[in-house]
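Annotated features, as they stand in TrEMBL:
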- 86-113: transmembrane segment (TRANSMEM)
- 119-136: transmembrane segment (TRANSMEM)
- 167-194: transmembrane segment (TRANSMEM)
- 243-263: transmembrane segment (TRANSMEM)
- 275-297: transmembrane segment (TRANSMEM)
- 332-352: transmembrane segment (TRANSMEM)
- 364-384: transmembrane segment (TRANSMEM)
- 404-437: transmembrane segment (TRANSMEM)
- 458-491: transmembrane segment (TRANSMEM)
- 491-617: domain 'STAS' (DOMAIN)
- 503-521: transmembrane segment (TRANSMEM)
Amino acid sequence: MYHVERPVFNEGYIDSELLHRKKRTSKSLQRRIAEHLRCSSEKAKSVVFGFLPILTWLPSYPLKQYLFGDIVSGISTGVMQLPQGLAYAMLAAVPPVFGLYSSFYPVLLYTFFGTSKHISIGTFAVISLMIGGVAVREAPDSMFAVNGTNASQVVDFEARDARRVEVVVALTTLVGIIQLVLGLLRFGFLAIYLTEPLVRGFTTAAAVHVSVSQIKYLLGVHTARFNGPLSVVYSLDAVFRNIASTNVVTLIIGLVCTVFLYFIKDLNERFKKKLPIPIPGEIIVVIVSTGISYGMVMSENYGVEVVGKIPTGLLPPKIPDFSVFPNLFPDAFAISVVGFSIAISLAKTFALKHGYSVDGNQELIALGLCNFMSSFFHTFVVTASMSRSLVQESTGGHTEIAGLLASILVLLVVVAIGFVFQPLPTTVLAAIIMVNLLGMFKQLKDIPALWRTSKIELAIWLVSFFASVLLGLDYGLVVAMGFAILTSFVLFLKAEECSGIKIFFFYTSIYFANSDLYVSALKAKVRPNLGVTHEVVAGPKKQMDHVYNNGQMNENHTESDSEDDFFLQRLTPIHTIILDFTPVNFIDSVGAKCIKSVSQQLLFPKKTLEDRLVRSG
(Lines of atoms letter the chains of each structure in order from A and count residues from 1; the text may use other names and numbers.)
(Lines give C-alpha, C1' and ligand atoms only; values in the text may rest on other atoms or scores of the structure.)
Protein backbone atom coordinates (compact mmCIF):
# COMPACT_ATOMS: atom_id res chain seq x y z
CA MET A 1 0.00 0.00 0.00
CA TYR A 2 1.33 3.42 -0.98
CA HIS A 3 0.38 6.76 0.54
CA VAL A 4 1.15 9.70 -1.73
CA GLU A 5 0.69 13.36 -0.78
CA ARG A 6 1.00 16.25 -3.21
CA PRO A 7 0.18 19.94 -2.80
CA VAL A 8 -3.07 21.17 -4.39
CA PHE A 9 -2.52 24.09 -6.77
CA ASN A 10 -5.20 26.57 -7.77
CA GLU A 11 -5.34 28.59 -10.96
CA GLY A 12 -4.21 31.78 -9.29
CA TYR A 13 -1.10 30.17 -7.83
CA ILE A 14 -0.13 28.61 -11.15
CA ASP A 15 -0.66 31.90 -13.00
CA SER A 16 1.27 34.05 -10.53
CA GLU A 17 3.98 31.71 -9.28
CA LEU A 18 4.65 29.43 -12.21
CA LEU A 19 3.57 31.07 -15.45
CA HIS A 20 4.18 34.73 -14.64
CA ARG A 21 6.72 34.54 -11.87
CA LYS A 22 7.99 37.92 -10.85
CA LYS A 23 11.64 38.69 -11.16
CA ARG A 24 13.41 37.93 -7.95
CA THR A 25 14.99 40.78 -6.15
CA SER A 26 18.57 40.30 -5.06
CA LYS A 27 19.01 39.71 -1.33
CA SER A 28 21.87 40.95 0.73
CA LEU A 29 24.32 38.47 2.23
CA GLN A 30 23.17 39.40 5.73
CA ARG A 31 19.55 38.66 4.83
CA ARG A 32 20.45 35.33 3.23
CA ILE A 33 22.37 34.25 6.32
CA ALA A 34 19.50 35.34 8.54
CA GLU A 35 16.99 33.35 6.49
CA HIS A 36 19.25 30.30 6.48
CA LEU A 37 19.72 30.45 10.25
CA ARG A 38 16.07 31.15 10.94
CA CYS A 39 14.66 28.27 12.94
CA SER A 40 11.17 26.84 13.03
CA SER A 41 9.80 23.73 14.66
CA GLU A 42 9.43 21.96 11.31
CA LYS A 43 12.93 22.93 10.17
CA ALA A 44 14.44 21.80 13.46
CA LYS A 45 12.57 18.52 13.24
CA SER A 46 13.76 17.97 9.67
CA VAL A 47 17.39 18.63 10.65
CA VAL A 48 17.24 16.31 13.65
CA PHE A 49 15.57 13.50 11.71
CA GLY A 50 18.05 13.90 8.86
CA PHE A 51 21.03 13.81 11.21
CA LEU A 52 19.65 10.90 13.28
CA PRO A 53 17.85 8.60 10.82
CA ILE A 54 17.16 6.10 13.61
CA LEU A 55 14.38 8.45 14.80
CA THR A 56 12.48 7.90 11.54
CA TRP A 57 12.03 4.15 12.01
CA LEU A 58 12.68 3.22 15.65
CA PRO A 59 9.41 4.65 17.09
CA SER A 60 7.41 2.50 14.65
CA TYR A 61 9.67 -0.56 14.93
CA PRO A 62 7.43 -3.66 14.60
CA LEU A 63 8.64 -5.92 17.40
CA LYS A 64 6.73 -9.04 16.41
CA GLN A 65 7.73 -8.95 12.73
CA TYR A 66 11.34 -7.72 12.99
CA LEU A 67 12.83 -8.49 16.41
CA PHE A 68 13.46 -12.22 16.02
CA GLY A 69 15.06 -11.77 12.58
CA ASP A 70 17.27 -8.94 13.87
CA ILE A 71 18.39 -11.03 16.86
CA VAL A 72 19.36 -14.02 14.69
CA SER A 73 21.06 -11.71 12.19
CA GLY A 74 22.90 -9.82 14.92
CA ILE A 75 24.28 -12.98 16.51
CA SER A 76 25.32 -14.38 13.12
CA THR A 77 27.04 -11.13 12.12
CA GLY A 78 28.69 -10.73 15.52
CA VAL A 79 30.11 -14.23 15.30
CA MET A 80 31.75 -13.18 12.00
CA GLN A 81 32.89 -9.83 13.41
CA LEU A 82 35.07 -11.49 16.06
CA PRO A 83 37.50 -13.50 13.89
CA GLN A 84 37.51 -10.91 11.09
CA GLY A 85 38.32 -8.14 13.56
CA LEU A 86 41.28 -10.12 14.87
CA ALA A 87 42.44 -11.03 11.35
CA TYR A 88 42.12 -7.62 9.73
CA ALA A 89 44.06 -6.02 12.59
CA MET A 90 47.07 -7.92 11.26
CA LEU A 91 46.54 -6.27 7.88
CA ALA A 92 46.40 -2.88 9.61
CA ALA A 93 49.76 -3.66 11.30
CA VAL A 94 48.36 -3.28 14.83
CA PRO A 95 47.80 -5.83 17.61
CA PRO A 96 44.65 -7.97 17.16
CA VAL A 97 42.71 -6.47 20.07
CA PHE A 98 42.41 -3.17 18.17
CA GLY A 99 40.42 -5.04 15.53
CA LEU A 100 37.91 -5.93 18.25
CA TYR A 101 37.70 -2.28 19.33
CA SER A 102 37.05 -1.37 15.68
CA SER A 103 34.27 -3.96 15.57
CA PHE A 104 32.44 -2.37 18.50
CA TYR A 105 32.50 1.44 18.64
CA PRO A 106 31.87 2.29 14.94
CA VAL A 107 29.14 -0.36 14.59
CA LEU A 108 27.37 1.07 17.63
CA LEU A 109 27.52 4.61 16.25
CA TYR A 110 26.36 3.69 12.75
CA THR A 111 23.10 2.35 14.20
CA PHE A 112 22.15 5.93 15.08
CA PHE A 113 23.57 7.89 12.12
CA GLY A 114 23.41 5.54 9.11
CA THR A 115 20.61 5.42 6.54
CA SER A 116 21.16 1.84 5.36
CA LYS A 117 19.28 -0.93 7.14
CA HIS A 118 21.41 -3.85 6.02
CA ILE A 119 25.13 -3.07 5.67
CA SER A 120 27.53 -4.29 8.32
CA ILE A 121 30.03 -1.62 9.34
CA GLY A 122 33.40 -2.70 10.69
CA THR A 123 36.80 -3.90 9.58
CA PHE A 124 37.39 -4.61 5.89
CA ALA A 125 40.39 -6.18 4.16
CA VAL A 126 41.06 -3.49 1.51
CA ILE A 127 40.89 -0.58 3.95
CA SER A 128 42.91 -2.47 6.57
CA LEU A 129 45.66 -3.14 4.04
CA MET A 130 45.81 0.54 3.05
CA ILE A 131 46.04 1.48 6.73
CA GLY A 132 48.79 -1.07 7.31
CA GLY A 133 50.82 0.38 4.45
CA VAL A 134 50.73 3.81 6.09
CA ALA A 135 51.61 2.39 9.53
CA VAL A 136 54.62 0.47 8.17
CA ARG A 137 55.82 3.51 6.24
CA GLU A 138 55.59 5.86 9.23
CA ALA A 139 56.87 3.34 11.80
CA PRO A 140 59.15 0.82 10.06
CA ASP A 141 61.04 -1.88 11.91
CA SER A 142 64.32 -0.05 11.33
CA MET A 143 63.20 2.74 13.66
CA PHE A 144 63.01 0.31 16.57
CA ALA A 145 66.16 -1.79 16.08
CA VAL A 146 67.96 -2.49 19.33
CA ASN A 147 71.36 -4.17 19.85
CA GLY A 148 71.24 -5.59 16.35
CA THR A 149 73.57 -5.92 13.41
CA ASN A 150 72.97 -5.79 9.71
CA ALA A 151 72.95 -9.58 9.62
CA SER A 152 70.75 -10.08 12.67
CA GLN A 153 68.43 -7.23 13.60
CA VAL A 154 66.52 -7.22 16.89
CA VAL A 155 63.36 -5.14 16.93
CA ASP A 156 61.58 -3.68 19.96
CA PHE A 157 58.16 -4.96 18.93
CA GLU A 158 56.33 -3.40 21.87
CA ALA A 159 57.57 0.10 21.08
CA ARG A 160 56.99 -0.44 17.35
CA ASP A 161 53.40 -1.58 17.86
CA ALA A 162 52.68 1.31 20.22
CA ARG A 163 53.91 3.82 17.62
CA ARG A 164 51.98 2.14 14.82
CA VAL A 165 48.82 2.32 16.91
CA GLU A 166 49.38 6.06 17.36
CA VAL A 167 49.83 6.53 13.61
CA VAL A 168 46.76 4.43 12.75
CA VAL A 169 44.59 6.23 15.29
CA ALA A 170 45.69 9.63 13.95
CA LEU A 171 44.98 8.43 10.40
CA THR A 172 41.51 7.31 11.47
CA THR A 173 40.82 10.70 13.02
CA LEU A 174 41.86 12.48 9.84
CA VAL A 175 39.78 10.14 7.66
CA GLY A 176 36.77 10.84 9.89
CA ILE A 177 37.28 14.61 9.60
CA ILE A 178 37.57 14.42 5.80
CA GLN A 179 34.44 12.28 5.44
CA LEU A 180 32.51 14.49 7.86
CA VAL A 181 33.48 17.69 6.02
CA LEU A 182 32.66 16.17 2.63
CA GLY A 183 29.27 15.06 3.94
CA LEU A 184 28.44 18.49 5.37
CA LEU A 185 29.47 20.09 2.06
CA ARG A 186 27.09 17.73 0.20
CA PHE A 187 29.82 15.80 -1.62
CA GLY A 188 27.89 12.54 -1.53
CA PHE A 189 28.01 12.44 -5.33
CA LEU A 190 31.79 11.92 -5.14
CA ALA A 191 31.46 8.15 -5.42
CA ILE A 192 30.07 8.35 -8.97
CA TYR A 193 33.54 9.31 -10.22
CA LEU A 194 34.83 5.95 -9.00
CA THR A 195 33.31 3.91 -11.80
CA GLU A 196 32.43 0.27 -11.21
CA PRO A 197 35.25 -1.13 -13.42
CA LEU A 198 37.74 1.07 -11.57
CA VAL A 199 36.55 -0.05 -8.12
CA ARG A 200 36.40 -3.72 -9.10
CA GLY A 201 39.87 -3.64 -10.65
CA PHE A 202 41.19 -1.80 -7.59
CA THR A 203 39.65 -4.23 -5.08
CA THR A 204 40.93 -7.21 -7.09
CA ALA A 205 44.42 -5.72 -6.94
CA ALA A 206 43.95 -5.20 -3.21
CA ALA A 207 43.07 -8.89 -2.90
CA VAL A 208 46.41 -9.71 -4.55
CA HIS A 209 48.26 -7.48 -2.06
CA VAL A 210 46.39 -9.00 0.89
CA SER A 211 47.01 -12.58 -0.27
CA VAL A 212 50.72 -11.98 -0.77
CA SER A 213 50.99 -10.34 2.66
CA GLN A 214 49.43 -13.42 4.32
CA ILE A 215 51.69 -16.05 2.75
CA LYS A 216 54.38 -15.53 5.40
CA TYR A 217 51.84 -16.12 8.20
CA LEU A 218 50.55 -19.21 6.43
CA LEU A 219 54.09 -20.62 6.16
CA GLY A 220 55.33 -19.37 9.50
CA VAL A 221 58.31 -17.49 8.04
CA HIS A 222 59.54 -14.12 9.27
CA THR A 223 60.06 -11.41 6.66
CA ALA A 224 59.89 -7.63 6.60
CA ARG A 225 56.69 -5.94 5.48
CA PHE A 226 57.12 -3.96 2.27
CA ASN A 227 55.21 -0.93 1.10
CA GLY A 228 55.07 1.23 -2.02
CA PRO A 229 55.78 0.41 -5.71
CA LEU A 230 56.64 -3.23 -6.45
CA SER A 231 55.91 -4.21 -2.83
CA VAL A 232 54.20 -7.37 -4.11
CA VAL A 233 57.38 -8.40 -5.94
CA TYR A 234 59.59 -7.65 -2.93
CA SER A 235 57.25 -9.54 -0.57
CA LEU A 236 57.21 -12.64 -2.78
CA ASP A 237 60.97 -12.47 -3.17
CA ALA A 238 61.44 -12.29 0.61
CA VAL A 239 59.10 -15.25 1.19
CA PHE A 240 60.88 -17.45 -1.37
CA ARG A 241 64.28 -16.52 0.04
CA ASN A 242 63.16 -17.70 3.49
CA ILE A 243 60.95 -20.59 2.41
CA ALA A 244 63.49 -23.08 3.78
CA SER A 245 62.62 -21.89 7.31
CA THR A 246 58.91 -22.80 6.89
CA ASN A 247 57.32 -24.05 10.11
CA VAL A 248 55.67 -27.31 9.06
CA VAL A 249 53.16 -27.34 11.94
CA THR A 250 52.09 -23.78 11.12
CA LEU A 251 51.69 -24.69 7.45
CA ILE A 252 49.57 -27.77 8.26
CA ILE A 253 47.28 -25.79 10.57
CA GLY A 254 46.88 -23.07 7.96
CA LEU A 255 46.12 -25.47 5.11
CA VAL A 256 43.62 -27.49 7.16
CA CYS A 257 41.80 -24.31 8.21
CA THR A 258 41.81 -22.99 4.65
CA VAL A 259 40.31 -26.20 3.24
CA PHE A 260 37.72 -26.37 6.02
CA LEU A 261 36.68 -22.73 5.59
CA TYR A 262 36.43 -23.12 1.82
CA PHE A 263 34.26 -26.22 2.27
CA ILE A 264 31.96 -24.43 4.74
CA LYS A 265 31.75 -21.37 2.47
CA ASP A 266 30.80 -23.56 -0.50
CA LEU A 267 28.28 -25.44 1.65
CA ASN A 268 26.64 -22.21 2.79
CA GLU A 269 26.42 -21.01 -0.81
CA ARG A 270 24.93 -24.25 -2.12
CA PHE A 271 22.32 -24.64 0.60
CA LYS A 272 21.65 -21.01 1.52
CA LYS A 273 17.93 -21.45 0.82
CA LYS A 274 17.66 -24.49 3.10
CA LEU A 275 19.91 -23.38 5.96
CA PRO A 276 18.16 -21.10 8.49
CA ILE A 277 21.49 -19.38 9.19
CA PRO A 278 24.92 -19.83 7.59
CA ILE A 279 27.27 -22.28 9.28
CA PRO A 280 29.73 -20.07 11.27
CA GLY A 281 32.89 -21.68 9.92
CA GLU A 282 35.19 -18.85 11.01
CA ILE A 283 34.27 -18.93 14.68
CA ILE A 284 34.44 -22.74 14.62
CA VAL A 285 38.06 -22.79 13.40
CA VAL A 286 38.97 -20.02 15.85
CA ILE A 287 37.56 -21.88 18.85
CA VAL A 288 38.89 -25.30 17.84
CA SER A 289 42.38 -24.08 16.87
CA THR A 290 42.62 -21.96 20.01
CA GLY A 291 41.74 -24.99 22.14
CA ILE A 292 44.23 -27.25 20.37
CA SER A 293 46.96 -24.60 20.51
CA TYR A 294 46.37 -24.08 24.23
CA GLY A 295 46.26 -27.79 25.01
CA MET A 296 49.41 -28.65 23.05
CA VAL A 297 51.24 -25.45 24.00
CA MET A 298 52.09 -24.97 20.33
CA SER A 299 53.77 -21.63 20.83
CA GLU A 300 56.49 -23.13 23.01
CA ASN A 301 56.67 -26.72 21.79
CA TYR A 302 56.39 -26.18 18.03
CA GLY A 303 57.27 -22.53 17.53
CA VAL A 304 53.82 -21.65 16.17
CA GLU A 305 53.26 -17.89 16.22
CA VAL A 306 50.13 -16.94 18.21
CA VAL A 307 48.06 -13.80 18.72
CA GLY A 308 49.57 -13.08 22.09
CA LYS A 309 48.40 -10.74 24.80
CA ILE A 310 44.82 -9.48 24.56
CA PRO A 311 44.00 -7.10 27.42
CA THR A 312 40.64 -7.57 29.06
CA GLY A 313 38.29 -4.60 29.03
CA LEU A 314 38.25 -1.34 27.10
CA LEU A 315 41.05 1.20 27.05
CA PRO A 316 40.37 4.76 28.27
CA PRO A 317 39.92 7.42 25.57
CA LYS A 318 43.01 9.24 24.34
CA ILE A 319 43.56 12.29 22.14
CA PRO A 320 45.25 11.36 18.83
CA ASP A 321 48.69 12.61 17.84
CA PHE A 322 47.88 15.58 15.60
CA SER A 323 51.53 16.21 14.72
CA VAL A 324 51.54 13.45 12.08
CA PHE A 325 48.53 14.86 10.18
CA PRO A 326 50.58 16.58 7.42
CA ASN A 327 52.26 13.29 6.47
CA LEU A 328 48.97 11.40 6.46
CA PHE A 329 46.64 13.70 4.55
CA PRO A 330 47.07 12.20 1.01
CA ASP A 331 46.60 8.68 2.37
CA ALA A 332 43.64 9.78 4.50
CA PHE A 333 41.88 11.32 1.53
CA ALA A 334 42.35 8.18 -0.60
CA ILE A 335 41.16 5.91 2.22
CA SER A 336 38.13 8.10 2.96
CA VAL A 337 37.02 8.07 -0.69
CA VAL A 338 37.57 4.33 -1.15
CA GLY A 339 35.85 3.52 2.14
CA PHE A 340 32.83 5.64 1.28
CA SER A 341 32.65 4.22 -2.24
CA ILE A 342 32.53 0.64 -0.90
CA ALA A 343 29.93 1.50 1.74
CA ILE A 344 27.59 3.48 -0.52
CA SER A 345 27.67 0.89 -3.30
CA LEU A 346 26.64 -1.86 -0.86
CA ALA A 347 24.05 0.39 0.76
CA LYS A 348 22.45 1.25 -2.60
CA THR A 349 22.40 -2.43 -3.61
CA PHE A 350 20.44 -3.47 -0.52
CA ALA A 351 18.23 -0.36 -0.65
CA LEU A 352 17.23 -1.15 -4.24
CA LYS A 353 16.50 -4.76 -3.32
CA HIS A 354 14.33 -3.89 -0.31
CA GLY A 355 12.63 -0.77 -1.64
CA TYR A 356 14.00 2.10 0.43
CA SER A 357 16.45 4.92 -0.23
CA VAL A 358 19.81 5.89 1.24
CA ASP A 359 21.24 9.39 1.46
CA GLY A 360 24.80 9.60 0.14
CA ASN A 361 25.57 12.78 2.08
CA GLN A 362 24.25 11.34 5.34
CA GLU A 363 26.26 8.15 4.72
CA LEU A 364 29.40 10.29 4.45
CA ILE A 365 28.49 12.04 7.69
CA ALA A 366 27.75 8.71 9.39
CA LEU A 367 31.06 7.16 8.32
CA GLY A 368 32.88 10.32 9.30
CA LEU A 369 31.35 10.31 12.78
CA CYS A 370 32.02 6.58 13.18
CA ASN A 371 35.70 6.99 12.33
CA PHE A 372 36.28 10.33 14.07
CA MET A 373 34.54 9.61 17.37
CA SER A 374 35.78 6.01 17.56
CA SER A 375 39.39 7.03 16.95
CA PHE A 376 39.52 8.48 20.47
CA PHE A 377 38.94 4.91 21.68
CA HIS A 378 41.85 3.35 19.72
CA THR A 379 40.11 2.09 16.57
CA PHE A 380 41.18 2.10 12.94
CA VAL A 381 39.24 3.08 9.80
CA VAL A 382 36.11 1.07 9.06
CA THR A 383 33.68 0.71 6.19
CA ALA A 384 31.03 -1.77 5.07
CA SER A 385 32.00 -5.42 4.68
CA MET A 386 30.51 -7.32 1.76
CA SER A 387 30.62 -10.77 3.38
CA ARG A 388 29.15 -9.65 6.71
CA SER A 389 26.52 -7.47 5.02
CA LEU A 390 25.33 -10.47 2.98
CA VAL A 391 25.09 -12.54 6.16
CA GLN A 392 23.28 -9.77 8.01
CA GLU A 393 20.72 -9.47 5.23
CA SER A 394 20.31 -13.16 4.40
CA THR A 395 19.79 -14.26 8.01
CA GLY A 396 16.69 -12.09 8.41
CA GLY A 397 18.08 -8.71 9.40
CA HIS A 398 15.56 -5.91 8.84
CA THR A 399 17.22 -2.92 10.51
CA GLU A 400 20.50 -1.83 12.06
CA ILE A 401 19.27 -3.29 15.34
CA ALA A 402 21.09 -6.37 14.03
CA GLY A 403 24.31 -4.37 13.83
CA LEU A 404 23.73 -3.04 17.35
CA LEU A 405 23.36 -6.58 18.71
CA ALA A 406 26.51 -7.66 16.83
CA SER A 407 28.49 -4.87 18.47
CA ILE A 408 27.16 -5.85 21.90
CA LEU A 409 28.35 -9.43 21.28
CA VAL A 410 31.83 -8.11 20.44
CA LEU A 411 31.76 -5.98 23.59
CA LEU A 412 30.99 -9.00 25.75
CA VAL A 413 33.98 -10.85 24.29
CA VAL A 414 36.32 -7.88 24.79
CA VAL A 415 35.21 -7.25 28.35
CA ALA A 416 34.82 -10.83 29.58
CA ILE A 417 36.67 -13.45 27.54
CA GLY A 418 39.12 -11.67 25.23
CA PHE A 419 42.08 -13.36 26.91
CA VAL A 420 40.76 -16.76 25.73
CA PHE A 421 41.99 -16.05 22.19
CA GLN A 422 45.60 -15.40 23.20
CA PRO A 423 46.80 -18.90 22.09
CA LEU A 424 45.12 -18.51 18.67
CA PRO A 425 47.68 -19.23 15.88
CA THR A 426 48.10 -16.33 13.46
CA THR A 427 48.08 -18.80 10.56
CA VAL A 428 44.38 -19.37 11.32
CA LEU A 429 43.72 -15.66 10.89
CA ALA A 430 45.65 -15.75 7.62
CA ALA A 431 43.44 -18.61 6.42
CA ILE A 432 40.30 -16.62 7.35
CA ILE A 433 41.55 -13.61 5.40
CA MET A 434 42.51 -15.56 2.29
CA VAL A 435 39.23 -17.49 2.09
CA ASN A 436 37.27 -14.25 2.45
CA LEU A 437 39.15 -12.87 -0.56
CA LEU A 438 37.69 -15.48 -2.92
CA GLY A 439 34.78 -13.21 -3.75
CA MET A 440 37.15 -10.47 -4.86
CA PHE A 441 39.17 -12.83 -7.05
CA LYS A 442 35.94 -13.85 -8.78
CA GLN A 443 35.92 -10.32 -10.19
CA LEU A 444 38.53 -11.53 -12.68
CA LYS A 445 35.53 -12.86 -14.61
CA ASP A 446 34.81 -9.23 -15.48
CA ILE A 447 37.60 -9.32 -18.08
CA PRO A 448 35.90 -11.55 -20.70
CA ALA A 449 32.53 -9.92 -19.98
CA LEU A 450 33.91 -6.40 -20.53
CA TRP A 451 35.79 -7.58 -23.63
CA ARG A 452 32.43 -8.45 -25.18
CA THR A 453 30.58 -5.33 -24.04
CA SER A 454 32.92 -2.36 -23.58
CA LYS A 455 36.59 -2.13 -24.47
CA ILE A 456 36.91 1.24 -22.75
CA GLU A 457 35.64 -0.13 -19.43
CA LEU A 458 37.93 -3.12 -19.86
CA ALA A 459 40.88 -0.75 -20.26
CA ILE A 460 39.87 1.09 -17.06
CA TRP A 461 39.60 -2.24 -15.20
CA LEU A 462 43.01 -3.44 -16.38
CA VAL A 463 44.78 -0.13 -15.72
CA SER A 464 43.24 0.03 -12.24
CA PHE A 465 44.31 -3.55 -11.52
CA PHE A 466 47.87 -3.49 -12.83
CA ALA A 467 48.63 0.02 -11.57
CA SER A 468 47.43 -0.90 -8.08
CA VAL A 469 49.33 -4.21 -8.07
CA LEU A 470 52.62 -2.75 -9.29
CA LEU A 471 52.59 0.77 -7.84
CA GLY A 472 50.75 0.10 -4.60
CA LEU A 473 47.16 0.89 -3.69
CA ASP A 474 47.70 4.60 -3.09
CA TYR A 475 49.53 5.44 -6.33
CA GLY A 476 47.48 2.87 -8.22
CA LEU A 477 44.23 4.58 -7.24
CA VAL A 478 45.54 7.95 -8.45
CA VAL A 479 46.64 6.46 -11.77
CA ALA A 480 43.34 4.64 -12.22
CA MET A 481 41.25 7.75 -11.53
CA GLY A 482 43.41 9.80 -13.88
CA PHE A 483 43.03 7.22 -16.62
CA ALA A 484 39.25 7.03 -16.10
CA ILE A 485 38.96 10.81 -16.41
CA LEU A 486 41.19 10.75 -19.50
CA THR A 487 38.98 8.16 -21.18
CA SER A 488 35.92 10.33 -20.57
CA PHE A 489 37.64 13.22 -22.37
CA VAL A 490 38.72 10.94 -25.20
CA LEU A 491 35.19 9.64 -25.59
CA PHE A 492 33.90 13.20 -25.66
CA LEU A 493 36.41 14.22 -28.32
CA LYS A 494 35.75 11.10 -30.37
CA ALA A 495 31.99 11.47 -30.20
CA GLU A 496 30.69 11.30 -33.74
CA GLU A 497 27.30 11.85 -35.26
CA CYS A 498 25.64 8.69 -36.46
CA SER A 499 25.68 8.78 -40.23
CA GLY A 500 22.28 9.28 -41.79
CA ILE A 501 20.41 10.08 -38.53
CA LYS A 502 19.21 13.53 -37.46
CA ILE A 503 17.23 14.55 -34.36
CA PHE A 504 15.35 17.83 -34.56
CA PHE A 505 14.27 19.49 -31.31
CA PHE A 506 11.84 22.44 -31.20
CA TYR A 507 11.36 24.40 -27.98
CA THR A 508 7.79 25.65 -28.35
CA SER A 509 4.37 24.96 -29.78
CA ILE A 510 3.89 24.86 -33.55
CA TYR A 511 1.17 27.13 -34.91
CA PHE A 512 0.43 29.56 -37.75
CA ALA A 513 2.84 32.27 -36.54
CA ASN A 514 5.95 30.09 -36.38
CA SER A 515 5.26 27.19 -38.76
CA ASP A 516 7.47 28.69 -41.46
CA LEU A 517 10.20 29.21 -38.86
CA TYR A 518 9.93 25.53 -37.94
CA VAL A 519 10.44 24.43 -41.55
CA SER A 520 13.30 26.89 -42.07
CA ALA A 521 15.06 25.71 -38.93
CA LEU A 522 14.60 22.06 -39.93
CA LYS A 523 16.02 22.80 -43.39
CA ALA A 524 19.01 24.54 -41.89
CA LYS A 525 19.78 21.54 -39.68
CA VAL A 526 19.21 18.58 -41.94
CA ARG A 527 19.50 20.37 -45.32
CA PRO A 528 17.21 18.12 -47.32
CA ASN A 529 17.08 20.77 -50.07
CA LEU A 530 13.55 21.75 -49.15
CA GLY A 531 12.70 25.31 -49.98
CA VAL A 532 10.66 27.81 -51.88
CA THR A 533 10.65 27.02 -55.58
CA HIS A 534 13.63 24.71 -55.33
CA GLU A 535 14.25 21.58 -57.31
CA VAL A 536 14.53 18.61 -54.99
CA VAL A 537 15.84 15.97 -57.37
CA ALA A 538 17.39 16.61 -60.72
CA GLY A 539 15.15 15.48 -63.55
CA PRO A 540 12.59 16.72 -65.96
CA LYS A 541 9.79 18.66 -64.31
CA LYS A 542 10.24 16.96 -60.91
CA GLN A 543 9.63 20.06 -58.89
CA MET A 544 7.77 20.98 -55.74
CA ASP A 545 6.95 24.57 -54.90
CA HIS A 546 6.08 25.88 -51.42
CA VAL A 547 4.69 29.33 -50.84
CA TYR A 548 4.35 30.55 -47.24
CA ASN A 549 1.99 33.44 -46.57
CA ASN A 550 1.54 34.51 -42.94
CA GLY A 551 1.71 30.94 -41.85
CA GLN A 552 -0.52 29.67 -44.67
CA MET A 553 1.13 27.07 -46.84
CA ASN A 554 0.14 26.25 -50.37
CA GLU A 555 1.47 23.27 -52.25
CA ASN A 556 2.06 22.95 -55.98
CA HIS A 557 3.21 19.72 -57.59
CA THR A 558 4.26 19.22 -61.16
CA GLU A 559 4.68 15.59 -61.92
CA SER A 560 5.76 13.91 -65.08
CA ASP A 561 6.54 10.55 -63.59
CA SER A 562 4.96 8.57 -60.82
CA GLU A 563 4.68 10.09 -57.36
CA ASP A 564 6.56 7.13 -55.92
CA ASP A 565 9.61 7.94 -58.05
CA PHE A 566 9.51 11.48 -56.77
CA PHE A 567 9.36 10.59 -53.10
CA LEU A 568 11.74 7.63 -53.20
CA GLN A 569 14.64 9.65 -54.54
CA ARG A 570 16.93 11.36 -51.98
CA LEU A 571 19.49 14.02 -52.63
CA THR A 572 21.19 13.55 -49.23
CA PRO A 573 22.42 10.38 -47.47
CA ILE A 574 20.02 10.96 -44.53
CA HIS A 575 17.87 7.90 -43.94
CA THR A 576 16.28 8.76 -40.56
CA ILE A 577 15.03 12.05 -39.11
CA ILE A 578 13.55 12.11 -35.61
CA LEU A 579 11.26 15.01 -34.78
CA ASP A 580 11.44 15.45 -31.01
CA PHE A 581 8.11 16.89 -29.83
CA THR A 582 8.91 16.67 -26.09
CA PRO A 583 8.29 20.39 -25.32
CA VAL A 584 5.53 20.81 -27.93
CA ASN A 585 2.16 21.03 -26.17
CA PHE A 586 0.05 22.49 -28.99
CA ILE A 587 -0.14 22.18 -32.80
CA ASP A 588 -2.76 24.02 -34.87
CA SER A 589 -4.01 23.08 -38.33
CA VAL A 590 -1.36 25.14 -40.14
CA GLY A 591 1.39 23.54 -38.09
CA ALA A 592 -0.08 20.10 -38.84
CA LYS A 593 -0.05 20.83 -42.59
CA CYS A 594 3.52 22.04 -42.29
CA ILE A 595 4.61 18.81 -40.62
CA LYS A 596 2.66 16.73 -43.15
CA SER A 597 4.47 18.42 -46.00
CA VAL A 598 7.85 17.85 -44.39
CA SER A 599 6.97 14.23 -43.69
CA GLN A 600 6.04 13.66 -47.31
CA GLN A 601 9.38 14.92 -48.51
CA LEU A 602 11.28 12.93 -45.88
CA LEU A 603 9.48 9.71 -46.86
CA PHE A 604 7.39 9.44 -43.69
CA PRO A 605 4.13 7.55 -44.29
CA LYS A 606 1.44 10.17 -44.66
CA LYS A 607 -1.41 8.13 -43.19
CA THR A 608 0.57 7.08 -40.13
CA LEU A 609 1.57 10.65 -39.33
CA GLU A 610 -2.01 11.89 -39.70
CA ASP A 611 -3.16 9.22 -37.26
CA ARG A 612 -0.47 10.23 -34.77
CA LEU A 613 -1.39 13.89 -35.02
CA VAL A 614 -5.06 13.10 -34.48
CA ARG A 615 -4.26 10.90 -31.47
CA SER A 616 -2.01 13.56 -29.96
CA GLY A 617 -4.84 16.12 -30.13
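Each Cβ is built from the backbone N, Cα and C atoms, and glycine gets one as well.
Automatic, uncurated: that is what TrEMBL annotation is.
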The transmembrane segment (404-437) touching the transmembrane segment (275-297) per 3+ Cβ pairs under 8 Å rule: yes
Folded-back contacts onto the transmembrane segment (167-194), same chain, C-beta under 8 angstroms, at least six residues removed: 92-94, 98, 131, 134-135, 138-139, 318, 320-322, 324-325, 328-329, 331-333, 335-341, 344-345, 359-376, 378-381, 481, 484-485
Cβ pairs under 8 Å between the transmembrane segment (404-437) and the transmembrane segment (86-113), at least three: yes
Feature contact check the transmembrane segment (458-491) with the transmembrane segment (332-352), CB under 8 Å, 3 or more pairs: yes
Residue numbers, six or more beyond the limits of the transmembrane segment (364-384), whose CB comes under 8 Å of its CB atoms: 51, 89, 92, 94, 98-99, 101-102, 105-107, 109-110, 113-116, 119-124, 127-128, 131, 165, 168-173, 175-184, 187-188, 314-315, 317-320, 335-336, 338-340, 342-343, 346-347
